[in-house]
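Data block below; observations after.
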Amino acid sequence: MPESWRPAEADALQPAAGTASASGPSARSPGNGAKGRGAGEPPGAAATRVPFHRLFAFADSADVALMLLGALGAVANGAALPFMTVLFGNLIDAFGGALSVHDVVSRVSMVSLDFVYLAMASAVASFVQVTCWMITGERQAARIRNLYLKTILRQEIAFFDKYTSTGEVVGRMSGDTVLIQDAMGEKVGKFVQLLVTFFGGFIVAFAQGWLLTLVMMATIPPLVLAGAVMSNVVTKMASLGQAAYAESSVVVEQTIGSIRTVASFTGEKRAVDKYNMSLKNAYKSGVREGLATGLGMGTVMVLLFCGYSLGIWYGAKLILEKGYTGAKVMNVIFAVLTGSLALGQASPSMKAFAGGQAAAHKMFETINRTPEIDAYSTTGRKLEDVRGDIEFRDVYFSYPTRPNEQIFKGFSLAIPSGTTIALVGQSGSGKSTVISLIERFYDPQLGDVLIDGVNLKEFQLRWIRSKIGLVSQEPVLFAASIKENIAYGKDNATDQEIRAAAELANAAKFIDKMPQGFDTSVGEHGTQLSGGQKQRIAIARAILKDPRILLLDEATSALDAESERIVQEALDRVMTNRTTVIVAHRLSTVRNADTIAVIHQGTLVEKGPHSELLRDPEGAYSQLIRLQEANQQNNGKVDANARPGKQISINKSASRRSSRDNSSHHSFSVPFGMPHGIDIQDGSSNKLCDEMPQEVPLSRLASLNKAEIPVLILGSIASVISGVIFPIFAILLSNVIKAFYEPPHLLRRDSQFWASMFLVFGAVYFLSLPVSSYLFSIAGCRLIRRIRLMTFEKVVNMEVEWFDHPENSSGAIGARLSADAAKVRGLVGDALQLVVQNSSTLVAGLVIAFVSNWELSLIILALIPLIGLNGWIQMKFIHGFSADAKMMYEEASQVANDAVGSIRTVASFSAEEKVMDLYKKKCEGPLRTGIRTGIISGIGFGVSFFLLFGVYAASFYAGARLVEDRKTTFPKVFRVFLALAMAAIGVSQSSTLTSDSSKAKSAASSIFAIVDRKSRIDPSEDAGVTVEALQGNIVFQHVSFKYPTRPDVQIFRDLCLTIHAGKTVALVGESGSGKSTAISLLQRFYDPDVGHILLDGVDIQKFQLRWLRQQMGLVSQEPALFNDTIRANIAYGKDGQATESEIISAAELANAHKFISSALQVSFFHLMSRNIICGFSMQSIKHQKPLLREVST
């Protein structure tokens, strides 16, 4: 390996020890550079979470009102349980203080009526609490999503080169905002409610017996300490998990976004392996988080049990020595018990807060980041008109990702207004950098870039960019209609102006042939069109802008000869009286330029008209022309002498094609991207309804956890133990009540015994809860990892046509993998643990109650199903809305995916506001659905509390009647009540899971809709024939073909074509005629409708697909490089296992060795942004992938 390819401190093509790989989270971390932080400072240098109050930094006045109203509802709801302990004390007096058995019913009836009043008040308070907090959480989360995307679009281009990627942005918008919403929504109201219950319980306790309450409060400081430690540990684990999932989002975005490259190079397994590796860290963090939560909660609960033990022992002492009554002691214990239980139940809310604070850290840092080049700044100069004089004055510049590699060293260049200048030179010389500096994508480190004598930095950025038109080498289109893509060039453009621009760019003819004309969707990255069609739309967009300065970066490189001639004539007309800067590699295209500037290693070495520069035969321009002519002659010789198996023949033949890596050359009939309104159902609802995923039975979901059955069994046993302990309270407390009314010697003995029993059960709970939490975390995290991996593996093996549909874009798939798998865990992780625990609580409570008094138990049991019925109805209502909301958020994610992935185009056309308007429209539907869900949830919770206290009232009244009839006793009534009260609380807690459960079921349906779909062209199948020696004879035999998404347009009609082995065949024709379709069919991206394609006399559909594609080498028009090192990108052509000599040989054959050798840390150099390297260099790297293969085609 040459020394120029080797970093000074490394001996292998791997990151140096102690140096974070650019692929790690730190290198791609978004949200860097909060105010006060330098824009170049590494991310994550500060705290890992934001203060809790900062979560609400973006609330408006309506949100403040909702939060205040919700807080009042939570306060009222939280006060209900402490007030219930007062009623409970009155109940003890009603039973114990009655003068006669007949007097019991009268007195208990009064208390039961108070319970009914409490039920009604609690129902109203619960409705207000849940509805307000869920609505404001939805509103604020939507606002944060909007602000995050708006700020992302505001950043300078260097931010995208250094810190973030499209996949990470979409992952945070679809994943982290859910965590933030969870932390600022309904769980805040729940926490306020529990906090009020905690303090209210102790207020009641102090009022009844301050001395006993003080003694029992000795456990509070350790409780607070345990909660704080748990919160910090869980936050750390949550941050690590989110970082790991952000890395996996990048893998998804890159793989799906370049699916044709992945398919062509049979990289499906490598993509799956890379995705699996990124999920391992997330799995480990999730399991550790579950263990930390279990240990924290176990510690909290054992401290509570110690408090009960202390209260019973000291309460007995106060009865014996201070004259306390048993009723007063029990009142204090119940009040403290209620308050303490509320503190324990706050754990899920605290966990949600920790997760939301950690997620908000990254997003809020980005929102608060001040960019060095602010796209939204309204300050700066505006001139009456721009003449177009451009001057580079002593400019020094290096890219932020390569600060030690100087691109320009004192570069100076003057471009008079109204003239055309062509920049030529070797790849990597700095030609495209000139374009980037004029567009002010970057600022020079030293020197000035002037327009009309004014420093570019002094202009208002949006205004000056409105005067500049850019047509790049790689045409970037958005997932919108053709008309909407052209309209990016001018605000409020009329249909006539759009059509005129299209005609001028020679695009109107092929557009009119589309099924929906100008309203035809171009698909993600314009995949529904050919390369030439996309380029002409991009040119039309620039023409519509009517700029004073026109920048053309290989603008006609994607066109066939005839289209290039017509478009060039159109560009010549457009360039009249405009300053035009052309970047060109083909020198034949720039001979008519007013001035040709030759740039070499960042320095202007020669300048002048074509004829003048040719006068110096030893000049740089003359040498470049001779070099290109020599290369063309050599390539012609190679073509003539090529033989099967010769690697160089692939380079030549492939480079002649006009195809794009992911161009499928067809249009989609459903409007997508920029609708005329938010009512998306007009265009796509029929299709979505037809493909709405079927509901998945829970048994199938559980089968995915089959491997974890032993873990789930052990975890369930631990959960059962934890759940049984609370109904046992009924036995313990009823015996304690009985003991408090015993003679002194029995009271002393029995109180000590029951106090020790509380310690025993506390120890059991401390051991069982962490075990349960840990084991269910293992099962849940394995499930989420398995689902993500299984779904991703299925996705990458889908036929290419599947990705042509907008709902299967990289943004949508990334959002589904990120959100759906996490929601499914709601049925297995914490939720399943709680269900098992609450179920055991219910069963144990029923057993204890029936043993105590079956008649009273039957009466109460008849009422309990009302609570379960309410939960079931709530789940059914919510389930109908969550699927729609998820689908609509996928569309919003795709808007963000397009915008961030095409950030230079967005910046060039100052289209940030258009993108944001579209994103907001896409989010309106989910926002309305979220508000509706909040109202329904509020009703459900309100009814739940009403039924809960209603059951209490009925229980006491029925118990009093049975006591009156002498069918039971006062202690047994309380034992039944306490046992069933614990059971009812368990049912009530389970009903709160219905929202998460419905989301999980909807997510499971979405996932299995992908998993169950059979790929029509599946590269993972091993079936098919292979041959030892492939010659390479290709025959298209009576082939007819239409693209599945454009069935009205016939691409091939009875096509017959024979290509002999070892020969180079060039496919020519007008853009969109089917040239690249032939490549797609040969690669089996699609199969023909009629006819056969034969390879060495065998129908290619009979070959094993992976083997077939491995025999071919594809070099597309637009290179798709992965976010990895140059070495890894080249090695991708040989399953990533190429040797150093093979890589170097391929680089030399592709004429890329020289520029790679000059790159900083060479093959280590991480391709964070495909825009860092000039287009020709990218194409050179792309050429090297097939050169590593021993291919025949």
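Here the Cβ of each residue, glycine as well, is placed from N, Cα and C on the backbone.
Because TrEMBL annotations are produced automatically, they should be read as predictions rather than curated entries.
Pulled from TrEMBL, these are the features on record:
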| type | residues | note |
| --- | --- | --- |
| COMPBIAS | 15-32 | compositional bias 'Low complexity' |
| REGION | 1-45 | region 'Disordered' |
| REGION | 632-676 | region 'Disordered' |
| TRANSMEM | 64-88 | transmembrane segment |
| TRANSMEM | 115-135 | transmembrane segment |
| TRANSMEM | 191-208 | transmembrane segment |
| TRANSMEM | 214-234 | transmembrane segment |
| TRANSMEM | 290-314 | transmembrane segment |
| TRANSMEM | 326-344 | transmembrane segment |
| TRANSMEM | 709-733 | transmembrane segment |
| TRANSMEM | 753-776 | transmembrane segment |
| TRANSMEM | 856-873 | transmembrane segment |
| TRANSMEM | 930-953 | transmembrane segment |
| TRANSMEM | 973-993 | transmembrane segment |
Beyond the flanks of the transmembrane segment (64-88) by 6 or more, those residues with Cβ under 8 Å of it: 56, 111, 114-115, 118, 121-122, 124-133, 135-136, 139, 188-190, 192-197, 200-201, 203-204, 331, 334-335, 338-339, 342, 945, 949, 952
Distant-in-sequence neighbours of the transmembrane segment (753-776), which means Cβ under 8 A and at least six residues beyond its ends: 287, 290-291, 293-295, 297-299, 301-302, 304-306, 308-310, 312-313, 711-712, 714-715, 718-719, 721-722, 725, 728, 732, 735-736, 739, 828-830, 832-833, 837
Which of 115-135, 214-234, 290-314, 326-344, 930-953 contacts the transmembrane segment (191-208) most, counting Cβ pairs under 8 Å: 326-344
Touch test for the transmembrane segment (326-344) and the transmembrane segment (115-135), at least 3 Cβ pairs under 8 Å: no
